[in-house]
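Look at TrEMBL and you will find 21-40, 63-84, 91-110, 116-137, 180-199, 266-291, 303-325, 332-353, 359-378, 390-412, 424-448 tagged as transmembrane segment. Among the features that TrEMBL reports, domain 'Major facilitator superfamily (MFS) profile' is placed at 23-448. Positions annotated as region 'Disordered' by TrEMBL: 229-248, 451-543. Annotation comment: TrEMBL describes 469-479 as compositional bias 'Acidic residues'. Here TrEMBL flags 487-499 as compositional bias 'Polar residues'. Positions annotated as compositional bias 'Basic and acidic residues' by TrEMBL: 504-514.
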Amino acid sequence: MGRPDPEEGHLPAPVKPPDGGWGWIVLLGCFVITGFSYAFPKAVSVYFKELMKDFHVGYSDTAWISSIMLAMLYGTGPVCSIMVNQFGCRPVMLIGGLLASSGMILASFTTNIIELYLTAGVLTGLGMALNFQPSLIMLGTYFDKRRPLANGLAAAGSPVFLSSLSPLGQVLLEKFGWRGGFLIMGGLLLNCCTCGAVMRPLDTGMKRKTEKTQDKYEAKEMLPIGGKSEEGISTTDGTKKAKKAKKQPRKGKKLLDFSIFSNRGFIIYTISKFILVLGLFVPPILLVNYAKDTGVPDTEAAFLLSIIGFIDIFARPACGMVAGLKWVRPHVAYLFSFSMLFNGLTDICSARASNYTGLVIFCVFFGISYGMVGALQFEVLMAIVGSQKFSSAIGLVLLIEAFAVLIGPPSAGRLVDALKNYEVIFYLAGSEVVLSALFLAMATYCCLNRGKKKEGSPEKNPPAGGGSDTEEAESDVQEAEEHSSDNHQPAHSTDNTVVAASEEANHVAEEQGREGGGCPAGDGEVLARDGCNADQTVERDSF
């Protein structure tokens, strides 16, 4: 996955995503990884009250644990991209699972808050980062047409684990204390290694062998007359060798592709996500302590996160299914903007909630909107940059978001310590999320869609969504082959044997078209030199 082809000296051609098969096992592994990565930093907040008593620190100090976890999850994005491009997804994920587990185990033996920052924060956060990003890359490799649904199902891991880990953490805290709870949580994180083991890369070698055999068989079928058959095969092989010789200068793959910053849609998405992350994670992190300060019992306060998680479970797959509809997918960026606007308005309207009933209502609407955001955020990024550049794009996006994660929750914690008022925090967080929604929608419409209309032609990477990567790749390959055929036409005309073979092939194709109602369309087909239209095509490598 992501490594250079040792045989040819250049990158192998991308394999068509199977949209199923072993991909469902990969989806299950991504479901578990996403659950741990997003739910774990929030579930750890259950232990904050005990940590404040044992280490004699304020809430803002303990909030740094979750912030450091999220900052490592986001900030190490470029490092993860480089490691994945160099070594592949599976080895990186196995190492990440071991680091995440060892971080929580070591945290159970700490004696001060700084040691907690280094173990539970840095080490566990780094381990989860090395699992999270490769799992998304593998998901994009195995799914294309069903990618919105796959992203929605994988994103549902976050609420499922949040609704499970939060009550589990409360039970472990009551029975074993925070040290015993951390130790058991570390054991649970070893499941990330199992998920990494199932991330099997798609095999490109088998595809090349199959294509080579198929090309020779098709050449024999189309040129059945004695020596012309062998001439056609040799011509096919010679054409492929010429193409390989042209690709020889392209050695290896960039460990981190910065060319994506030339994509205006990527810039708009990155700025919007930075503003979004400033306020998105603040309400769920502060919710449990806010409920406890208003007089809600500890068990019921922890149950509020379970409510968010339960609603979120159904919101993410449902939103993924909606985003996959043909008339919605080209405009998925606007659906993402709507989900952010919904989330921000929920924070603002629920800022005055002062009893348990009001908090429950807030959790219901927050779960719906939060689930929509979670299901769409990476689908929009994949639609903007494509699957080939996604490994670099997600690493750079997560790095930029890391700064917002380090600013948002800790600043909110300090404001709580200073003002003793949660209402202002909810207003501030909601306003930031609303601002990000408005910026994404307006920038997408004004800077991108209007630009397309003025130019009179669509851009190569439509930021508001788009069709599948496979269809775009096939179109690019077909255009490149047509251009190559035009450039080499004089050379072909000088070889009488090849011209005769081409005319023989065209004659056979025309006969097949009359009998079968037209030439079959396929991935490896282009227009013939002598005027064969869309209904009369021949294999491009047979002449």
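The backbone N, Cα and C atoms fix where each Cβ goes, and this holds for glycine too.
Because the structure is a prediction, the values reported are computed rather than measured.
Within the same chain, the transmembrane segment (303-325) stays apart from the transmembrane segment (424-448): fewer than three Cβ pairs sit under 8 Å, each pair at least 6 residues apart. Two recorded stretches are said to be in contact when at least 3 C-beta pairs lie under 8 angstroms, sequence spacing 6 or more; the transmembrane segment (180-199) and the transmembrane segment (266-291) fall short of this definition. Of the two recorded stretches, the transmembrane segment (266-291) lies close to the transmembrane segment (359-378), with three or more CB pairs under 8 Å once pairs fewer than 6 apart in sequence are set aside. Ranking 91-110, 332-353, 390-412, 424-448 by CB pairs under 8 A with the transmembrane segment (63-84) puts 390-412 at the top. Counting Cβ pairs under 8 Å to the transmembrane segment (332-353), the top-ranked stretch among 91-110, 390-412, 424-448 is 424-448. Each residue in the domain 'Major facilitator superfamily (MFS) profile' (23-448) has a pLDDT score, and their mean in this model is 82. Only residues 6 or more beyond the boundaries of the transmembrane segment (424-448), in the same chain, are considered here, and those with a CB under 8 A from a CB of the stretch are 264-265, 268-269, 271-276, 278-280, 282-283, 286, 333-334, 336-341, 343-348, 350-351, 408, 412, 415-416, 459, 462-464.
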